[in-house]
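J.: This is the feature table in Swiss-Prot:
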ACT_SITE  Ser638  active site, charge relay system
ACT_SITE  Asp717  active site, charge relay system
ACT_SITE  His749  active site, charge relay system
DISULFID  Cys449-Cys452  disulfide bond
DISULFID  Cys462-Cys480  disulfide bond
DISULFID  Cys658-Cys769  disulfide bond
CARBOHYD  Asn44  N-linked glycosylation site
CARBOHYD  Asn66  N-linked glycosylation site
CARBOHYD  Asn329  N-linked glycosylation site
CARBOHYD  Asn504  N-linked glycosylation site
CARBOHYD  Asn577  N-linked glycosylation site
CARBOHYD  Asn693  N-linked glycosylation site
SIGNAL    1-19  signal peptide
Amino acid sequence: MVPLRSFVLLNGLFFVLLAARTVVTRVIDKDNLDGILETQDGQNLSKEPFNLEETYTADFLAYTFNGTWTSDTTIVYTDTMTGDILQFDVIKQRLTVIVDSSVMDDYIVTHYALSPKGRFLLIGYDFQKGFRHSKFMRYVIYDIELGGYDKIANGMHIALAKWAPLTDDLIYILDNDIYYMRFSNNGFNDVQRVTYDGIVGIVYNGVPDWVYEEEVFHGSSAIWFSPDGSHLAYASFDDRNVQEILYLHYGEPGNLVDQYPTEVKIKYPKAGTSNPVVSLTLVDLHDPTLNKIDLKAPIEVVGTDNVLSNVQWKDFDHVIAMWSNRVQNKTEIVWYNKYGEIVKTLDVVEHEGWVEIKNLFFYKDFVYMRKLQPSGTKAGRFHHVTRYDYTLRSSPIQMDLTPGITEVQDIRAIDHSHGRIYYLATGPGEPSQRNLYSVPVDGSEKPTCISCNVLTPEGNACTYADAIFSPFGQHYVLICQGPDPMIVGIFDNTHKKVYSWENNLSLRSKLARRELPLVKDLYVRANGYESKVRLFLPHNFDESKSYPMLVNVYAGPNTAKIIDVASYGYHAYMTTNRSVIYAYIDGRGSSNKGSKMLFEIYRKLGTVEVEDQISVTRKLQEMFPWIDSKRTGVWGWSYGGFCSAMILAKDLTSVFKCGIAVAPVSSWIYYDSIYTERYMGLPTPEDNLGGYNGTDVSRRVEDIRGKKFMLIHGSGDDNVHYQQSLALAKALEKADIMFEQITYTDEAHALFGVLPHLYHTMDRFWSDCFSLSHAH
């Protein structure tokens, strides 16, 4: 389960705008920018509140970086005005047209990729959706040098096509089998089939099945090239023993083609049931026989029912795999040579919770990883950049390079020429922030914050950043996402800004004409911990008045609602238009505050995080007379929908009057195995069946009686199945408890096709609950 914010951009918008502006509009127009900021400061414009329709449209989306580094000095991207594929030289600040848009005129292009040598253009078209990340497309290859087109797989829909590094060779996957395509100098290609046992929907080679795509790889690829492209590691998933989820697709109303509903079947392992059998294979692509080598899992450590959590290449000769036991509290990092022999291992065991390891980085005789380390405080351990000596020895020496109460969220790059490692982390004691830091690879100096010195056009220091480094770390794109609208710049490795890519002048101009909510951050002590709270207040807030409050909850393990990203979605509408206080609460189980608070949720989902939402809300009502305790509601989506329903079921003192659960989990026995067992263990009497039963909302419906409750779900949800809401609805109906229910026919988890109806439905619900006038 991925927090909805991961695919909902700016709170309520369920698509990602991939396009960026043309080169002309990326250049900073200082006069325009100064004029916009002067207008904001001078309050010269009449300002309007946000309207509901802007919650689900692209009106207040920020443009971001849409390029790809192809060398340490060049970026390739699409000019959205002309459709040309351009190359930008960041040193010379010069544009070159690589491919004219006319090359793609005959196709509705949804994907393209240049080959590493720049001769061929891979063009994907005729898109068909797979799961969350996967898609099926037809592909052609355009020969830029000779001008011809070549269909891949005779124009059939394929699941994946990817260029090999350094060469003009290609891997593609058709019907869950892997094919290797090589091109000669005259443009002709030769195709070899690598695997022969793929079965659509059952046995997957090189692409993940549903649960691995959703919960492990968070993407649609399960192939890993060696750095020179000569070898390929690929994962296979055998789902023959995995049980199926079945739901009906009803189709278009009145369409004779849909006279009978269509059955949709997906292999979907639920908690405690059979998982896919995963294997990892290595093949030498330059061997005419394509001989395969099995990279065996360390079953003596992780067991036979294991999870392949990550794969990467260390160098030309070694591939690394991370294998976990089924419940994911033990991980073995294994180094294999090209003959399939295990040459090194590293164990990571977590006794208080679960193991979470991301990519490793290498420098000389050391490996760098993100790992929990003691902080010397009551907060427990934090994820830090940790250096290991991976030379052969019985007990590798480790060094914590980033000590203290700072949470490293990801390692981004190593600059080998300067001996520094770059990473994203919170500031000390600032869990809502994320900045780019660097530290020497030997730990000889304290970390330095790189992005903290970047100022937004409004004059504020950047407090939430991301970075995309060039292949060898000589340049990087710095994306400042908050506290103000996004800015994007290109920097060299001395941190000198060499180009301003995007300043979002249009968005800033529109915001100058809008009322913005006031923001109040505070900590509230409840249940032995300090929970962080962010309140969005109406722009014309008056302490002498009383306002309804709406708590928006997610509260999934290791997530945070409160982050310093500038966004203008549903909360902006509710505060400026409906005069409702909008609240986020990050309590126990949330990220960035140390292992003690994080692991409080372990093996007991639906308990401590729910209790904190209730307790903190009660304290807020007691602290601030301007919060109307008789007009307080809660809503959430996915895990947040589960929490919304559980909050109403556990709220015995009427802290909340009403709530909405969108696409909720109602019982963890219905959700997928890899996510659920990571946090809950197994639903068996020997393990944690009692924990599962105790967190089943359908077993606790009696205390929802008397509260306004709305249950919303799409019948085509392949992630949190409609079964979850139907089970909860059945329990409510059996108990004769009144509630409202909305079913969105054939809609998936994001309800993308019905957003206007969804938000208008919720608006009417809050109007009734909070005694507001109905919006027009």
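From the backbone N, Cα and C atoms, a Cβ is placed for every residue, glycine too.
Would you situate these features in the structure and describe their surroundings?
T.: In the three-state DSSP assignment, the secondary structure recorded for Ser638 (active site, charge relay system) is coil.
Counting only same-chain residues six or more apart in sequence, the Cβ atoms lying under 8 angstroms from the Cβ of Asp717 (active site, charge relay system) belong to Ala663, Glu747, Ala748, His749.
The Cβ of His749 (active site, charge relay system) has 23 neighbouring Cβ atoms from other residues within 10 Å, across all protein chains displayed.
A 10 Å cutoff on Cβ-Cβ distances gives Cys452 (disulfide bond) a total of 16 other Cβ atoms nearby, all chains included.
Mapped onto three states, the DSSP output places Cys480 (disulfide bond) in strand.
Within the same chain, the residues at least 6 positions away from Cys658 (disulfide bond) whose Cβ sits under 8 Å from its Cβ are Gly633, Val634, Lys707, Lys708, Phe709, Met710, Phe765, Trp766, Cys769, listed in sequence order.
Close to Asn329 (N-linked glycosylation site) in the fold, though at least 6 residues off in sequence, lie Val349, Glu350, His351, Gly353, Trp354, Val355, each with a CB less than 8 Å from its CB.
In the three-state DSSP classification, Asn504 (N-linked glycosylation site) falls within coil.
The Cβ of Asn577 (N-linked glycosylation site) has 19 neighbouring Cβ atoms from other residues within 10 Å, across all protein chains displayed.
DSSP assigns Asn693 (N-linked glycosylation site) to a helical segment in the three-state reduction.
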J.: What's the CA to CA span in angstrom from Cys449 (disulfide bond) over to Cys462 (disulfide bond)?
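T.: Pair distance, Cα basis, whole Å: 11 Å.
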J.: Any idea what the Cα distance is from Asn504 (N-linked glycosylation site) over to Cys480 (disulfide bond), rounded to a whole Å?
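T.: It is 12 Å, counting Cα to Cα.
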J.: Let me know how many other Cβ atoms fall within 10 Å of the Cβ of Cys769 (disulfide bond).
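T.: Excluding its own Cβ, the number within 10 Å is 21.
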J.: Quick one: of Cys462, Asn577, Ser638, Asn693, which recorded positions lie within 10 angstroms of Cys452 (disulfide bond), measuring between C-alpha atoms? Sequence order, please.
T.: Cys462
J.: Would you mind listing, in sequence order, the residues at least six apart from Asn693 (N-linked glycosylation site) in the same chain with a Cβ closer than 8 Å to its Cβ?
T.: Arg699
J.: Compare the Cα of Cys480 (disulfide bond) against each of the recorded positions Asn66, Asn577, Ser638 and report the nearest.
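T.: Minimum Cα distance from Cys480 (disulfide bond) across Asn66, Asn577, Ser638 lands on Asn66.
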J.: Please report the DSSP secondary structure of Cys449 (disulfide bond), reduced to three states.
T.: strand
J.: Where among the recorded positions Asn66, Asn504, Ser638 do you find the Cβ with the fewest other Cβ atoms within 10 Å?
T.: Asn66
J.: Which state, by DSSP, holds Cys658 (disulfide bond): helix, strand or coil?
T.: strand
